[in-house]
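Report on the structure given below.
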C-alpha cells in the first residue's frame, strides 16, 4: 500500500512527520501526530537534530527499520512495552532487545537444568545398583562413619558366595566379579554395602588398600569401585563400572589421598 508522508520542519531543528496509508493520511495527521491506533498500518515519529547533525527519533505505531530511508544511520533499538525509542547515530545497526535476551537466558538455564536432571532420571531398578553419572561425579570428600569390623572375614581369604545377583552393567555387578565373588551377592544398593559388609564380618574402615572395595553412600544409590593400587603419595587407583560413561562401561581413575579419606573401604 502506498504511503503518504507530510512533515512540518521547525527552525529549531525539530520535525514532526506523519505517515499513514492512502485515505487515512489526513485523519492521521490530526490524531496523535499522524498515528491512528485504529489503523494497523499507521505509524508516526518525531525527531530532533542535535548540534552534530545526529537524528534522535521517537516512534509510535507499526514500524520497521526498512521503512525509513536514511543514508547515514546507526540505530540502537530498545524495546519497552511496545513503545519504541530510537537514537540515530552513524553507520550500522545495533540491536538490544532486553525481553528477548532475558528469555534466552532463562531458556538456556532451563536447558542446563533439565540436561543435568536427565542424568538422574531412573527407570524401575532392582537391588544392587550403582550411581548414575551425576551422583558418582560428586563422590568427593564424602563424610562417612567408620563401620566396625567383626569376625575377621576378608575378601582376600573369603569364599565365593555364588552367582552374581546384582544388576548387570552397574558398579555393584562389576565389583562383585572383580573380587571373584568373595562377598555377599545380596548386599543391595551400593549405598548399603559398608553396613552389609560389616554385619557379614568384613573389615570396613577409611584406609585404602589394593584389593579392597571403595564405597560411598553419596547419591541415590551410592557407588562402589575396586581398588587396583595405592601409590606412595597415598593416591588411590580404582576401576569401576557405570561411572560417567553409562552402564556396562569400565573406566579407571586416580583419587587423591585427601579425597580417598572420605570413602569407606571394605577389606
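Note that Cβ sites are derived from N, Cα and C of the backbone, with glycine treated the same way.
What Swiss-Prot records for this protein:
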DOMAIN    146-267  domain 'Peptidase C51'
REGION    83-115  region '7 X 3 AA repeats of Y-[NS]-N'
SIGNAL    1-27  signal peptide
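Here the domain 'Peptidase C51' (146-267) is broken down by DSSP into helix, strand and coil counts: 22 helix, 31 strand, 69 coil. Averaged across the region '7 X 3 AA repeats of Y-[NS]-N' (83-115), the predicted model reaches a pLDDT of 35.
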